[in-house]
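Scroll down for the structure; my scribbles are underneath it.
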Amino acid sequence: MKTAIYPGSFNPFHNGHLNILKKAILLFDKVYVVVSKNINKSLDPDLQSRVKNIKNLIRDFNNVEIIINENKLTTTIAKELNASFIIRGLRSQTDFEYEIKYYDGFKSLYPNIEVIYFISDYDKRSLSSTILREIEFYKK
């Protein structure tokens, strides 16, 4: 069985993330969406709220499971779930340069893992959780 994890803070999980997930489920038997804390980003809303949001968006997906990662490395989660693949999304060349560092880190910690990159569809590339949080903040 081909198993992958799709890790992220998903704060919030938006249509760009959903676009990548829809592509991933076509290739993998099982995809775990791993909702994690990000020490470099705000933790509001809490992990449970983020999971609830994602569940509402993926309720019709049969081969997707959501798990919370409170304090483990992505590669540790992959090993625990017997996942051989990590899913990542790319929107731009800047993302690619950023992701090379993650790739190197993943491979140094778990040499057998493969990182699979999906390019966001054109109409989803401008979406950013950081921008969406900022818009929501200033709407108040």
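Glycine is treated like the rest: Cβ placed from N, Cα and C.
Note that the coordinates shown come from a computational prediction; the quantities given were computed from them, not determined experimentally.
Of all Cβ atoms in the protein chains displayed, 22 besides its own lie within 10 Å of the Cβ of Thr74 (substrate binding site). For Ser9, Lys41, Thr74, Arg88, the entry in Swiss-Prot reads substrate binding site.
Residues or ranges marked as ATP binding site in Swiss-Prot (evidence: sequence analysis): Ser9, Phe10, His17, Gly89, Leu90, Arg91, Glu99, Lys124, Arg125, Ser126, Leu127, Ser128, Ser129, Thr130. When other Cβ atoms within 10 Å of the Cβ of Glu99 (ATP binding site) are tallied across all protein chains shown, the result is 16.
Reduced to three states, the DSSP call for His17 (ATP binding site) is helix. The number of other Cβ atoms within 10 Å of the Cβ belonging to His17 (ATP binding site), over all protein chains shown, comes to 21. Look at Swiss-Prot and you will find His17 tagged as site 'Transition state stabilizer'.
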Cα-Cα distance linking His17 (ATP binding site) and Ser9 (substrate binding site), given in Å to the nearest integer: 11
Cα separation, Arg88 (substrate binding site) to His17 (ATP binding site) (Å, whole number): 9
